[in-house]
Every structure is written in structure tokens, then in C-alpha cells.
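Data block below; observations after.
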Amino acid sequence: MSTYDVVIIGSGPGGYVAAIRCAQLGLKTAIIEKYSTLGGTCLNVGCIPSKALLDSSHHYDDAIKHFEEHGIDISGEVKVNLEQMMKRKSSVVSQTCDGVKFLMNKNKIDVIYGVGSFKDSTHVTIDKTEGESETIEAKNIIIATGSKPASLPFIKLDKERVITSTEALKLKEIPKHMIVIGGGVIGLELGQVYNRLGSEVTVIEYMDRIIPTMDAALSRELNKVFKKQGMNINVSHKVKSVERSGDEVIIKADDKKGNEVEFKADYCLVAVGRRPFTDGLNANAAGVEIGERGMITVNEHLQTNVRNIYAIGDVVRGAMLAHKAEEEGTFVAEVIAGQKPHIDYNLIPGVVYTWPEVSAVGKTEEELKEAGVNYKEGKFPMRALGRSRASGDTDGFVKILTNADTDEVLGVHMIGARVADLITEAVTAMEFRASAEDIARMSHAHPTYAEAVKEAALAATGDRAMHI
Ligand code: FAD
Ligand code: NAD
């Protein structure tokens, strides 16, 4: 029987990063994956394919709506070749998954394909696709089994017309009308893809605003821009039934006043969150307690109730984000190696990759109000930047929230062109506990979108923004 220092179940961004860090630290490591490709949700049916489709559809949108004003004449009809778009997406996915395989080889990590389940707290059995099974021994085990789409109890996901993100990433036709249940990250990113490709898109959100966990100013601005782009957004709507009738899906919901509203579409994307995935793990055999909705409870060292078994990523509490899973993968490897790592969960950024992009780190204004913090706000609109006018991306703003007494930056909220990348400046500043004055005094290259960060910091230090 093979024996390892660490065995990792699941090869998503949590699992494969944990494996690399374990190997770097000299630990003999194996990783188990039930699918034939590595990379988990993120690489196969999440971050990477969704961004590939967002980028492709953005090119199309630019071609049909913006090329003319830039003086680019593309005479003749511009058409979408969905098959080619999907082919390109699949090729991006497979190149990225192959990259993870390469990294496993490079770091001498054993990859075992099959479903991993606990035999006891130090043994994992792998049921392979060919019907064989193998049991391996491990001093430490990391559960990194991720998550699956959640649904509502009354919805029958037929995966043809009533679909999850996984099917929405590989549709064979452009829907005439797509209803999206859930105005969160998945609903808006994939809703925007199909809206650009020509579908009518209607979003139905239960809360009183889209992206309800982010700062309310971001929700308002994104809602405004989406309406301009032709998306139908219905907030404060409680979906109560979803029925398929032939090629049609009929959705009934109660609006804010309790009146029933009916929606009809040819596709319905259910994007109401994801649930931790522990099916088939046989965690009981190891004595690992599985908590509410399948989530594994961990302590501050990401240890389960069984000392040598850890859990990371979407299967534990916190934001279901690839970079959060990666940080936890590194963290656990270092804990196992005897180090004392640290993660500041307040500084894990959140990003929505629509256009305009949305990004945030730290506290929202609503959270600061609720906590009774004496805060100040500095805000700068993208439209006042030379760079934004040059590219034509004038929607959005940067908003910086500071402690009114100390000037320390407590939260940064952005919407606009390339803010997915800009948020890293805010994370860096906050990791070093910067004040708004610190950011305001740093030179920001001109002309860049990043100048909005400097200007918002100037505004936060006392109305010192210069270009407005
Ligand atoms: P996963 O990536 O879910 O990986 C778990 C792996 O474990 C899977 O490969 C699974 O097959 C395997 N597994 C499960 N059980 C077993 C078993 N018993 N034996 C063997 N293998 C097993 N996050 C971002 O940060 N940015 C984004 O842009 C982004 N976009 C997304 C878009 C979509 C459409 C979706 C669905 C998600 C997106 N996410 C994004 C979220 C991100 O994908 C997840 O947070 C991330 O993948 C979680 O990583 P993980 O390692 O915890 O689990
Ligand atoms: P989410 O939690 O972001 O959004 C779900 C939305 O559905 C929420 O706004 C919620 O209020 C709404 N909702 C819940 N029940 C509803 C109901 N009955 N009727 C109408 N609306 C309802 O979840 P998601 O968009 O499904 O994404 C799942 C996870 O994947 C998220 O945790 C997210 O972090 C991750 N993800 C991240 C990215 C990214 O980082 N860019 C992209 C995609 C997914």
C-alpha cells in the first residue's frame, strides 16, 4: 500500500494549490480527482470557461455597437458563430487543465483518478472508472471537494431548458429569451454573455437589489448600466414555480406587493448559489462531522474535528471563490509543515467580470453603518478620467471608505473598466494598513483607470480630488 504525508481529495484551485505547496515543502503528496481532467469547478465549468465566453461576447458587442464610432468600418453583416465560440472556450479550458497536470508532474505529485472515500481517518479508497479500487495511507488528508449548483426545492433541473451554469456554458443555440433566477455573480455574468449574443435576458432576484452582498452603490450603478444595455432586471421577486411545457419554461413569481407575475422563456438559468459537495466521501468512516447543508466545520487551522483531516475551499465556510480556496490550500500545507501562516479573510477581494467590471475589498458602507463606525467616503467617477474617455468606458466609479478618525482605508468598491485588476492596489494598500493619504500621495501613471483610485483617495482625505 502506498503511504503519503498528505493526500488531497479534489483537484480544484484549493486542492491543486495545496498539493503544489505540500510538494514544495518536501511532503510526499498525492491528489485524487474523480473526473478525467484536473482543475475542478474553476477550470472546467467555472471561472475559466465563463471568462472565455465573456471575452468572446465582449468582442462581438464591441464590433456591433462601438466599432463604428471608433472609425472602424466592418462592412457587411457581423455574425456570431456559436459553435466556434464554444470550441475556443473548450480549447482554453483544456489548455488550462493540461497546465495543472504539468504542474503536478513537475512537482512530483502522484495523481490518482477516481472517487476518493474515507476507509478510516488515515486511509482513503479510490474507486477508479475502470472498476478497480485502490486504498492508500496518509498521515494527513485534505478535503477539497468543492461545491455544486444549488437549486430551489420546487425546481426540476432538466438540464436542457431549466439549466445551471454548467449547461449555460455549453448551449448549442442562442436562447431567444433567457430567464435568470438569481441576480448574483453567475446570473449576471452569464446573463450578460447571452444578452450580448442577442438573447432577451430577464433577471429575477429575490432581494431588493442585484449583487446584494456588495456595497449598495455598486448594485445601483450596475443596475443602471445593465438597463442601458437592454437587460430586464426584476428585484424583490419571489419565484414560486418553474414549469417546463415543451420548449417553453413558465416561471411564476410574487412581486414586492404580492402580485403574481408570469414570465415565459425558452431557457431558464437557475443561479441561486452553490452548495458544498461531500457526496460519496463517506466522511462518517473517518469520524468527520458534516454540518449544515453539507458544509464541513473547521477551526482556525482549517482542521476538521479529526486532527489530521483538514478541509478547504468551497466545502468550508466563507466566500466560494477560487482565490480564497487557493489561499486556504497554501495555508493548510504550511500548517501541516509546522509553519504558522495567516489569512485575512476581510481582504479577500470579490469581483464580478461583467462589463463594466465590479470589484470590492474590505467593508461595505452598510457594514460600517451597522457596526457604528465613524467613516468617511471618497468617490471619483470614471467619466472624469482621460483614459475612460479615450476608450469610451465612462460608466462607474471608485469609492473609498476610511476611518474618519485615523484615515485608515476600511473598504474599497469599484465599478468600471478593468477594476478586476485595479482592486489589487486596494488589497495591497489595506494589507499594509494604508491611510487614504498614503494612496493619494502615490504616483499613478497617466492616463490610466488607476488614477480614479488616487482621486477617490484624495476625495476621502477631505475633498481634495483634483480632476472634478
Ligand atoms: P472545486 O473547484 O469545486 O473542485 C473540487 C474538485 O473535487 C472537483 O474537481 C471534483 O470533481 C472533485 N471531487 C469532489 N468529490 C470528490 C471525491 N469524492 N473524489 C475525488 N474527487 C472529488 N471564483 C472566482 O474566484 N472567480 C471567478 O471568476 C469564478 N467564476 C465562476 C464561474 C462559475 C460559472 C462558477 C460555477 C464558479 C465560479 N467561481 C469563481 C467559483 C470557483 O469556481 C470556486 O470557488 C472554486 O472552484 C472552488 O474551488 P475548490 O477547490 O474548493 O473546489
Ligand atoms: P450568489 O450567491 O452570488 O447569487 C445568488 C443570488 O440568487 C443572490 O443574489 C440571491 O439573493 C438570489 N436568490 C437566492 N434565492 C433566490 C430565489 N428563490 N429567487 C430569486 N433569487 C434568489 O450565487 P451564484 O451567482 O449562484 O454563484 C455561486 C457562487 O459561485 C458564489 O458564491 C460566487 O462567489 C461564485 N462565483 C464567483 C464568481 C466570481 O468571482 N466572479 C463568478 C461566478 C460564481
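Numbering starts at 1 and runs along the chain as displayed.
Heads up, the Cβ atoms here are built off N, Cα and C, so glycines get one too.
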TrEMBL records Gly182, Gly183, Gly184, Val185, Ile186, Gly187, Leu188, Glu189, Glu205 as NAD(+)-binding residues. Which of Gly114, Gly116, Gly258, Gly273 is assigned to the same site?
Gly273
If TrEMBL gives Lys51, Gly116, Thr145, Gly146, Ser147, Met320, Leu321, Ala322, His323 as binding FAD, which of Asp61, Asp314 does it give for that site as well?
Asp314
With the Cβ atom as the reference point and anything under 6 Å counting, tell me which of the recorded positions (Lys51, Thr145, Leu188, Ala322, His446) are near ligand 2.
none
Would you give the longest CA-CA distance, in whole angstrom, between residues of Lys51, Gly116, Thr145, Gly146, Ser147, Asp314, Met320, Leu321, Ala322, His323, the set recorded as binding FAD?
30
Report the binding-site residues (Gly182, Gly184, Leu188, Glu205) that meet this criterion: Cβ distance to the nearest atom of ligand 1 under 6 Å. Use sequence order and write none if nothing qualifies.
none
Neighbour count (Cβ, 10 Å) for Cys42 (disulfide bond):
25
Near the Cβ of Lys51 (FAD binding site), how many other Cβ atoms are there if near means within 10 Å?
15
If you draw a 10 Å sphere around the Cβ of Ile186 (NAD(+) binding site), how many other Cβ atoms fall inside it, taking every protein chain shown into account?
23
